[in-house]
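> Marked as domain 'Anoctamin dimerisation' by TrEMBL: 82-146. According to TrEMBL, the domain 'Anoctamin transmembrane' annotation covers 149-713. The feature transmembrane segment is assigned by TrEMBL to 157-186, 237-255, 302-324, 344-363, 390-413, 523-549, 570-597.
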Amino acid sequence: QAEEKWDFVLVSDIHEAGSKKETKRKKFLDELSKKGFTIKKIEDKKLFYGVRAPKQIFQKYQWLLRNPDSKLQNPDAHRDIPVTTRIRIVNFILQNTVTSDLEKLHDLRKKRVFEAAFPLHEKEEVREFLKERWARWRDIFSQQPIEKIRCYFGEKVALYFAWLGWYTYLLGFAAVIGLLVFVAGITVFNSSQVSKEICEATNTIMCPLCDQKCPFWLLSDTCTYAKVTHMIDNEGTVLFAMCMAIWATVFLELWKRQRATVVTDWDLYRWDEEEEELAMELINNLQHEPQQYQHSYFRSTIILLLVLVMIAVLIGIAHGLVIYRVVATALFTQSDLEFLREQANTMAVMTGAVLHYITIVIMTKVNRRVALYLCELEKPRTFSQHENSFTIKIFTFQFFTNFSSLIYIAFFLGRINGHPGNYVRIAGRWRLEECHPSGCITDLFIQMAIIMLLKQTISNVMEYLIPWISHKLHKKWQRPKKRRVMLGEEEEAEDPCKRQWLSNYQLSEVNAFSLFDEFLEMVIQYSFTTIFVAAFPLAPLLAFCNNLFEIRLDAIKMMRLRRRIVPRKANDIGIWLQVLEAIGILAVIGNGLVIAITSDFIPMQVYKYTYSPCMMENSTGVDCSTGYINHSLSVFRIQDFEPHTKPGLAPTGLCCRYRDYRNADDYSYTVQFWHIFAARLAFLILFEHVALCVKLIAAWYVPDVPQSVKNKFRVRKHNNLRKEL
């Protein structure tokens, strides 16, 4: 049985005898044979080559990378090497074996000489345990067996699931706080003074929302919208945004501690990736010369310019979404359906959000190709450097793809559209959108809710269904072959390896970036959960519910639907930690800007403490926000409309109102506008400095490495020195 265990399987089409492809295949297999590899061939509709490395390779690896502590005890001891290490070493040798034509396996796969190369899912105890106790929906609330995952998939995958489990666990606390803030907002649904004023404003006539045929409308018509806005936009939101800035820091600091504990148990805390890489190179080829570190300023400049061009394209797509919303609003307001006319703005926001989701799906594929192309131009020295470079580029592109439209809604919508009589227009025709009199934060709430729900439902369903359907179809196609064997139509007894190799081949393909995709998905979700959380307090709850399923979904995909991933050694989550720390800083900036600019929190506070009835004498018992809506609306004379506009029937009065702080005579900004502008700026500076100080204090207060880990290393050093003496 031990002899029948194979480290890797290579799959090839059956090529014509003497063909170029067959010659190349033979040369590659001959190179492996020279290195002492055992090769077994099985023919079906494809050619399968089982590959097993000789013991000497693993003994060299153990000797070169032996723990310096272990040689004190027994320098000649050879423990059984873990399966994950065997697969990793064999994969490295396969990828770096060069034929006489100076071609590697990667080149041969591009030329279709080999179709696939993968390690096998073995019927071993660890796999059965993981299938039964981890990769099942019923275990959704169970703790993950990280040590077993490490034994089967290697440290990199184990650290991903350890990180995802830790993130989900701490997300539970943020979800509870967010839910409490949202419920508190619902309790003030009907009691907000500002909402009451909007609902009672039956005589306040608002200016038309479009140029042609749009009617003047009453402010009281948007009563429900105003209530929803003040359910989201209240004092609790400010506290929650501050809490999430602190949470992001505490989460990362606690993860560093968790990671230190885990990798210390694995004896990898001070593992050196470069030493491992050099050892593998020498095992593969004793004459190998180490690659030198290189840096080209010219190449870096070209790549930077190309990255900036790509970012400009992504911002251009966001502008396209803005134009869609503007045109859609104009079309909806002229619709024959009364519902569309009344809810034109909301419908434009919702359909715009769906369109944004579609662009995210399409651009994710484009971004990947562009990032890979830029990495090839950069020519990184090692796979690890290649992965880091790719991570930074793809995350940058994905960030702009996901957030450009949200940034427009949060910080530009309703602020660059001009005013009645002097609107800013697209192509001189369509007016830019306006904010509702109660603020723009609901638009941001709707956009985030739709994108997060679609990403967490459609994307996850497709992520599971595609490999599942593919797996079922492959199994169905395989059945006739089995029947023929049972009927005895084939005289030869079937090779026991054949069924195993076929079943593994028919699983979905994995590549070097399969785990990367899972990380990227979670980091983008983390961005949604932290950066604009002030506008969407339910984001942590949605993320928490999604992650409970995501852990099991990823487990099922890896165990049942995909080929075995090549294990990789690691002692942290790599460059993703720096990405998460950058998101933490962006979260402070983003939430500060949302509260200062998007929310009505600052204008309301300025009104309360400067212009409200509370500032007058004998004002006891009066709500300080009384009169705020009237104060925040400016007056426009109907005769000042642009000549080419055709608003609906004019009201009995000569004026209409619009959201802004402008004088009624020359439409210049009022003193109140500058008061509010100064207050917004002051709050932004104060909020961000306080939040960043709290982050720094939290980072200092929670040590990265637990004292128990430091003590363990100290005791180990002490014992080794004592033994040497």
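The backbone N, Cα and C atoms fix where each Cβ goes, and this holds for glycine too.
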> For the transmembrane segment (157-186), give me same-chain residues lying six or more residues beyond its boundaries with a C-beta closer than 8 angstroms to one of its C-beta atoms, as numbers and ranges.
143-144, 146-147, 149-150, 230-232, 234, 236-237, 239-240, 243-244, 247, 250-251, 254-255, 258-259, 262-263, 515, 518-519, 522, 526, 529, 533, 537-541, 543-544, 547-548, 550-551, 554-555, 558, 565, 567-568, 570, 572-573
> In the domain 'Anoctamin dimerisation' (82-146), how many residues does DSSP assign to helix, to strand and to coil?
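Within the domain 'Anoctamin dimerisation' (82-146) the tally stands at 33 helix, 3 strand, 29 coil.
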> Can at least 3 Cβ pairs under 8 A be found between the transmembrane segment (302-324) and the transmembrane segment (570-597), with each pair 6 or more apart in sequence?
no
> Averaged over the whole of the domain 'Anoctamin dimerisation' (82-146), what is the pLDDT?
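So the average pLDDT across the domain 'Anoctamin dimerisation' (82-146) works out to 89.
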